[in-house]
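Enquirer: The zinc finger annotation in Swiss-Prot covers 20-54, 95-141 and is backed by sequence analysis. Annotation comment: Swiss-Prot describes Cys26, Cys30, Cys42, Cys45 as Zn(2+) 1 binding site. Under the heading Zn(2+) 2 binding site, Swiss-Prot lists Cys101, Cys104, Cys122, His125. Taken from Swiss-Prot, the feature Zn(2+) 3 binding site covers Cys115, Cys117, His131, Cys133, and the record attributes it to sequence analysis.
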Amino acid sequence: MAQRTEKEETEFKVLETLTTTTTTLCTNNCGVTANPATNNMCQKCFNASLVSAAAGVVESGSILKRSARSVNLRSSPAKVVIRPREIDAVKKRDQQIVNRCSGCRKKVGLTGFRCRCGELFCSEHRYSDRHDCSYDYKTAGREAIARENPVVKAAKMVKV
């Protein structure tokens with residue numbers, strides 16, 4: 001009677017593995033089960049630690065930028081320089097905010113169509129022939145075909 005059948009042995013092994021596994025709790029003592037992939041923290045505490053770590057990095061970076069600016073201001077005289085790139089960036093922001101058709105100035109809201117020339121149009125002016133589009137579709141198509149289908153040259157065969 002000291003021998004056990006295979007079925008009984010497997011049942012005991014399964015029960016042993018179930019009882020030996022222990023659940024670890026969160027390292028922040030919030031009472032939720034922890035995940036080893038998140039440094040033995042629950043998901044909520046792990047996300048909170050990531051946010052606080054990212055905020056610390058941003059704050060230290062902004063302090064460095066502020067100190068660098070103050071050093072530059074002290075060492076050089078104040079000059080006001082307006083760069084054309086900054087002006088273009090401001091104009092692009094203004095264009096993105098306005099939701100009006102560039103052809104008829106009609107409000108388009110969320111139904112506007114953005115053309116490849118960069119303008120926003122209503123349903124009547126969305127096609128390139130309706131708004132005198134400055135984008136060259138033929139050249140862009142040729143370049144795309146040339147990029148996607150490179151010329152393949154085979155090695156020459158040596159005749160014997």
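Just so it is clear, glycine is given a Cβ too, placed from its N, Cα and C backbone atoms.
Owing to the predicted nature of the structure, the values given are computational and were not obtained by experimental measurement.
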Enquirer: Which chain neighbours of the Zn(2+) 1 site, leaving out Cys26, Cys30, Cys42, Cys45, have a Cβ atom within 8 Å of the mean position of the site's Cβ atoms?
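Expert: For the Zn(2+) 1 site the neighbour list reads Leu25, Thr27, Asn28, Asn29, Gly31, Val32, Ala34, Met41, Gln43, Lys44, Phe46.
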Enquirer: If you take the centroid of the Cβ atoms of Cys115, Cys117, His131, Cys133, the listed Zn(2+) 3 site, which other residues of that chain have their Cβ within 8 Å of it?
Expert: Ser102, Arg116, Gly118, Glu119, Phe121, Ser128, Asp132, Ser134, Tyr135
Enquirer: For the binding-site residues Cys30, Cys45, Cys101, Cys115, Cys122, work out the Cβ neighbour count at 10 Å and name the residue with the minimum.
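Expert: Fewest other Cβ atoms within 10 Å, among the binding-site residues Cys30, Cys45, Cys101, Cys115, Cys122, is found for Cys30.
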Enquirer: Give me the count of other Cβ atoms within 10 A of the Cβ belonging to His131 (Zn(2+) 3 binding site).
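Expert: Here the count is 19.
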Enquirer: Considering Cα atoms only, can you say which of Cys30, Cys45, Cys117 is the nearest neighbour of Cys104 (Zn(2+) 2 binding site) among these binding-site residues?
Expert: Cys117
Enquirer: Drop a 10 Å sphere on every Cβ of the binding-site residues Cys42, Cys117, His125 and tell me which sphere holds the fewest other Cβ atoms.
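Expert: Counting other Cβ atoms within 10 Å of each of the binding-site residues Cys42, Cys117, His125, the minimum falls on Cys117.
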Enquirer: Measuring Cα to Cα, how far is Cys45 (Zn(2+) 1 binding site) from Cys115 (Zn(2+) 3 binding site) in Å?
Expert: 45
